[in-house]
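The block underneath contains the structure these notes are about, expressed in structure tokens.
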Amino acid sequence: MNSTEAAENRGDWPRRLRALARRGWKVLRVNWHLGVTAFGGPPVHFKIFNEKFVQKSKWVDEQVFQEIFSISQSLSGPASTKMLYCINLLHGGFMAALFSFLLWSLPGAIGMFGLSIGVSSIDENLPRIVYALLSGLNSATVGVIALAAVELSEKAITDPLTRIIVFVTAAAGMLYNALWYFPVLMLVSGLATLVNDYRWIHRPLGALVKRLKRKKATHPEVGPQNATTARSSHELEARSELPVSEDEANKNDRPSGSSAENEPRIVPQELRFNMSWKTGTVIIVAFFLSFIVAMVLRSVLPAPGPPILYRLFSNMYLAGTIIFGGGPVVIPLLREYVVAEGWVSARDFLIGLALIQAFPGPNFNIAVFLGSLTAINAGHSSVAGALIAWVAIFSPGLILVHGTMGLWSAARNRRWVKSVLRGINAGAVGLIYTAVYRIFMVGYIDQGFQAGRSLGDDPWWVVITATSYVGGRYFKLNAPSAIVLGGLMGLIRYGVVNA
């Protein structure tokens, strides 16, 4: 670079800074309130995003919005956070996406951090009125998540197969739990719709049925009716031997679905993500290499093993990598990564579970609460624990979706991609029903059973669950109001029982 070019580049800095400031102000103006007003979990978040970015600001159109929705649902990590990140990534680039994520996540994260400090200083046994309040909040949360599952099912179920996938993944998730299990269920769901849409089983079965009918026709039983049937079979065989046009042959090889779904998608230039599939692949590969290194280091470090803050990082990194289905699924599963390790008590976990439902923004912010308590209980800085957990649990989903957006520009018109995503979406919805079951089984807490018991042990908690579901489903009761109402009903129970 010669001296003239260097001088021109130096002269460009003020202009670039002004352009960056304008983009930052635009992102702030559109996104600033979402992190403090978006209550209710992913289903409500998606509705808010559609109104904000499709209908009002028109940053994306409806079809791009649905494509981003499919990508967000099909990858691990926080679904609504990934969707917000991708919308801002398309509109303003990486810095805009990162800024929008901070605006979205930090308010709730800071709130959960402050609550973790308060929870760490309370006695082992809380007043019973507090347990009643928390149990009421948990009961209402179950109803809210159940409603989310039903509403997402209405979009994910497009045919009998996806209905079966939702049911099977929900049932399978209730029956068994392991770190590798949910990703496998999602993969099988995607393969099931792929096989079905491309008729990979239909053709062999059809050929087998045809062969059996032909064999039966060559050995007819005596009788005029069978003779007629044999003649009809020979006529059908003769027709099948007639030449078939090239268009008809190609039509038979196409996957099932409407012609509109098979049409190539023409995306306006302003809605395209300017990153090659090669760069996207490099990002994804680099992430998985970092994941392998993190897991291997944890297992090979000599006794007494890696420090607890590193184990906290690796557990949260693992959770953010393998958990599909977003916030409703991550909350009960984090119990395995934190409570089972002995870092946080079951009571404190359930307190965090009840509190995160009343907070705006992503449910993944519960990791800040758990990370802070883990550090405090181990004698480390609460700020360090909260920051480590926050970075570790959000990073996998954001990195993967960033790389996938590069691949998506090249793969978005592939029919097999659409088929796989359809099955993965259905599988993700099924796992939300699993989350409903798991929270239901530990939502009732009291002095005698701080690790949680089934809400079904007391009909009052079931009534609260039903109230929050019916209120949201039929009376437009929003999630924050439903959860507050559940807490009040818990207090009413306490007043009646202890009167």
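Cβ atoms are placed via backbone N, Cα and C, with glycine included.
If you check TrEMBL, you get these features:
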- 216-263: region 'Disordered' (REGION)
- 92-117: transmembrane segment (TRANSMEM)
- 129-149: transmembrane segment (TRANSMEM)
- 161-178: transmembrane segment (TRANSMEM)
- 279-297: transmembrane segment (TRANSMEM)
- 317-338: transmembrane segment (TRANSMEM)
- 350-376: transmembrane segment (TRANSMEM)
- 388-411: transmembrane segment (TRANSMEM)
- 423-445: transmembrane segment (TRANSMEM)
- 477-496: transmembrane segment (TRANSMEM)
Cβ-Cβ under 8 Å with the transmembrane segment (279-297): same-chain residues at least 6 beyond its ends: 306, 310, 313-314, 317-318, 321, 396, 399-400, 402-408
Considering the transmembrane segment (129-149), which listed stretch of 92-117, 350-376, 388-411, 477-496 counts the most C-beta pairs under 8 Å: 477-496
Candidate ranges 161-178, 350-376, 388-411 - greatest C-beta contact count to the transmembrane segment (92-117) (under 8 angstroms): 350-376
Same-chain residues at least 6 beyond the ends of the transmembrane segment (388-411) whose Cβ lies under 8 Å from its Cβ atoms: 67, 71-72, 75-78, 81-82, 85-86, 89-90, 94, 97, 101, 105, 109, 272-273, 275-284, 287, 291, 309, 312-317, 319-321, 330, 364-365, 367-368, 370-372, 374-375, 417
Feature contact check the transmembrane segment (161-178) with the transmembrane segment (423-445), CB under 8 Å, 3 or more pairs: yes
Long-range neighbours of the transmembrane segment (161-178), counting only residues six or more past its ends (CB under 8 A): 153, 185-186, 189, 192-193, 196, 333, 336, 422-423, 425-427, 429-434, 437-438
